[in-house]
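**Q** Let me begin by handing over the structure; questions about it come next.
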Amino acid sequence: MTAKRKHPVLIVSNSLWSGYRASLIGYWMIFVVVFVGINLFLPNNLSDQMETQGIWAGAGFSPKVYLLVIGILLTPVSMTSYVSNGITRKHFVGGTILLSIPMALISAVVMTLGFPVEQLLRDWVGGKEIMANPSLLQSGVEFFLGFLAYYVVGWMIGSGFYRYNWKAGVVISILSLLPLILIEAVGSNGTMELFGSAIAWPEIPFIVEMLLILFIVAIIMAINYAMLRKAAIKRKLI
């Protein structure tokens, strides 16, 4: 009896995961080593705000950028090879969406566990107690959806350059700032200060925030599918 063939979506997602997991693990190893080094060797050089709020609370933007870059690379680097080997555009999109789950989930777990680990390090080296004490479950959910959003926005940027000419790709890149700004505005783990915003946003229930981010992610995924389902196959752009 012949073994049952894997679904093409799983073939794509497993192949992409095998290609990107080393990058993900390497990124987080470097990230954690730098974080531990700062807490162990530079505790006296931290500002009062960083000492009381903690370094980890403000470290969430770096993994967002990392996942944004991974998303940008997906279509230009991988789609041509998969479609040339019999994978449909639809299945490539499905596999790329599946890849987003472990990429965002692992990143969210590491970021969430970083809060109690940072406090343990502070207790060990004799630093000030960290005042920020977020709910780990709430933080985990918010990090997961935030990382997922940056991944799919990056994917949209890369798909735009693949599907259209470079001018249209630049326009899509600029427009992609809009969902990112909205996501950062509604999320309490957001980094709106990086956009120079001093606006006092109205209080929004947590579940509404998360549903709004999930809705934005779903729309961006649909846009990606719409761009790629009839895209002409090009030689690799990267």
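Sequential numbering from 1, following the chain as shown.
Cβ atoms are placed via backbone N, Cα and C, with glycine included.
Here's the feature list from TrEMBL:
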TRANSMEM  20-42  transmembrane segment
TRANSMEM  65-84  transmembrane segment
TRANSMEM  96-116  transmembrane segment
TRANSMEM  136-157  transmembrane segment
TRANSMEM  164-186  transmembrane segment
TRANSMEM  206-228  transmembrane segment
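Map these features onto the structure and tell me what's around them.
**A** Taking Cβ pairs closer than 8 Å, the transmembrane segment (20-42) reaches residues 55-56, 59, 62-63, 66, 70, 99, 102-103, 106-107, 110, 114, 118, 121-122, 125, 127 in its own chain, all 6 or more past its ends.
Long-range contacts of the transmembrane segment (65-84) within the same chain: residues 12, 15-16, 19-20, 23, 27, 91-92, 95-96, 99, 103-104, 107, 147, 150-159, 161-162, 228, 231, 233-238, each at least 6 residues beyond the stretch ends and with a Cβ under 8 Å from a Cβ of the stretch.
Same-chain residues lying 6+ beyond the ends of the transmembrane segment (206-228) with a Cβ under 8 Å from its Cβ atoms: 75, 79, 89-90, 92-93, 96-97, 138, 141-142, 145-146, 148-149, 152-153, 155-156, 159-160, 162-163, 179, 182-183, 186-188.
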**Q** What residues elsewhere in the chain lie close to the transmembrane segment (96-116), defined as a C-beta under 8 angstroms and at least 6 residues from its ends?
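**A** Here the qualifying positions are 9-10, 12-13, 16-17, 20-21, 24, 28, 31-32, 35, 54, 56-57, 59-60, 63, 66-67, 70, 74-75, 132-134, 136, 139-141, 143-145, 147-148, 151-152, 155, 221, 224.
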